[in-house]
Amino acid sequence: MQIVHTLTDLRAALAGRGKPAFVPTMGNLHDGHLALVELARPRGDLTVASIFVNRLQFLPHEDFDSYPRTLERDCERLRAAGCDLVFAPSERDLYPEPQTFKVQPDPALADILEGQFRPGFFTGVATVVLKLFAAVFGTTGGGVAAFGKKDYQQQLIIRRLVEQFMLPVEILVGETQRAEDGLALSSRNAYLSEAERAEAVQLSLALRALARDALAAAEGLPTQAAALEQRAMQALAARGWQVDYLTVRRRIDLQPPRPGDGSGALVVLGAARLGRTRLIDNLEI
Ligand SMILES: Nc1ncnc2c1ncn2[C@@H]1O[C@H](COP(=O)(O)OP(=O)(O)OP(=O)(O)O)[C@@H](O)[C@H]1O
Ligand SMILES: CC(C)(CO)[C@@H](O)C(=O)[O-]
Ligand code: BAL
């Protein structure tokens, strides 16, 4: 497995190797990332992962500085998973000059949920993903790229990005990988204390309960959703969580359910903070 840090070295390593299957990450890899490598690998001629903590998608008070950077261990895990090439640029390699052109995703999709609580987040994500796609696919005539369903809104926005900019990239979406108790794997789980780790599964349990309530409401869901969400948020807050949202939405556009939406059209999504750790999760109904 080759590890490169600059665009020039990346392009040289890609030359003549066919279509890449690409997995973008921010590092501190866990089995969720490796499942994406597994998903992508058979779909390309060579498997490429990127490791880059993208300042542009963090608010000033967020954890950009403390985000775990574990390049050596990440590369060992990627090598074992059959990855061929790792692109780990420095900030100066990926942003050789201040980024004055940015991708502004549709506010109807990007300014709600995660975008409401992390303003500018999806501009940062879409901008860096477009840059990474240009780096990896710019000289290879396209390929596939894999993203996780854990970041549900992110994968929707990236699919729109690809459609609207007509990028020659097929997006694969991998299922959320979970710990034995049901907690979604996440790099940020490393911030949890032992007691918080035991409590953390309650976010996915709250989503399951909300999904059950939404199913039981059946046709009444569009009018009952707000009350069900309120009750779910109060129950989690009573356990000591600071809840940003627990909500039932349409899978297709993350808008509230409308009359006629069958349960297969819906997803429940949540974000909440336990101590200093902000966790997100979701469940397709
Ligand atoms: N549990 C998981 N299952 C499947 N895919 C995942 C999981 N967690 C993250 N991913 C995916 O891995 C890719 C890289 O994500 P990232 O490096 O931000 O990891 P993360 O664990 O989500 O980190 P963070 O805690 O910062 O959100 C994204 O496409 C993300 O959706
Ligand atoms: C897609 C991504 C690598 C862009 O920085 C990041 O948002 C992530 O890891 O999910
Ligand atoms: N997994 C999404 C990246 C972030 O939270 O910044």
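Placed from the backbone N, Cα and C atoms, the Cβ positions cover glycine too.
Pulled from TrEMBL:
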| type | residues | note |
| --- | --- | --- |
| BINDING | 26-33, 148-151, 185-188 | ATP binding site |
| ACT_SITE | HIS33 | active site, proton donor |
| BINDING | GLN57, GLN154 | (R)-pantoate binding site |
| BINDING | GLN57 | beta-alanine binding site |
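A Cβ distance below 6 Å to any atom of ligand 2 is met, among the binding-site residues MET26, HIS30, GLY32, GLY148, by MET26.
Cβ neighbours within 10 Å of GLN57 ((R)-pantoate binding site), excluding its own Cβ and spanning all shown chains: 21.
Cβ-based crowding with a 10 Å cutoff singles out HIS33 as the top-ranked of the recorded positions HIS30, HIS33, LYS150. In this structure the C-alpha atoms belonging to HIS30 (ATP binding site) and GLN57 ((R)-pantoate binding site) are separated by 21 Å. According to DSSP, HIS33 (active site, proton donor) is assigned to a helical segment. Around LEU185 (ATP binding site), the same-chain residues at least 6 positions away in sequence with a Cβ under 8 Å from its Cβ are HIS30, ASP31, GLY32, LYS150, THR176, GLN177, ARG178, ALA179. Under 8 Å, Cβ to Cβ, and six or more positions away along its own chain, GLN154 ((R)-pantoate binding site) finds GLU114, PHE122, VAL125, PHE147. Taking the Cβ of ASN28 (ATP binding site) as reference, residues of its chain lying under 8 Å away and at least six apart in sequence are, in sequence order, TYR67, PRO68, ARG69, THR70, ASP74, SER187, ALA190. Around GLY148 (ATP binding site), the same-chain residues at least 6 positions away in sequence with a Cβ under 8 Å from its Cβ are GLY32, HIS33, ALA35, LEU36, GLN155, VAL173, GLY174, THR176, GLN177.
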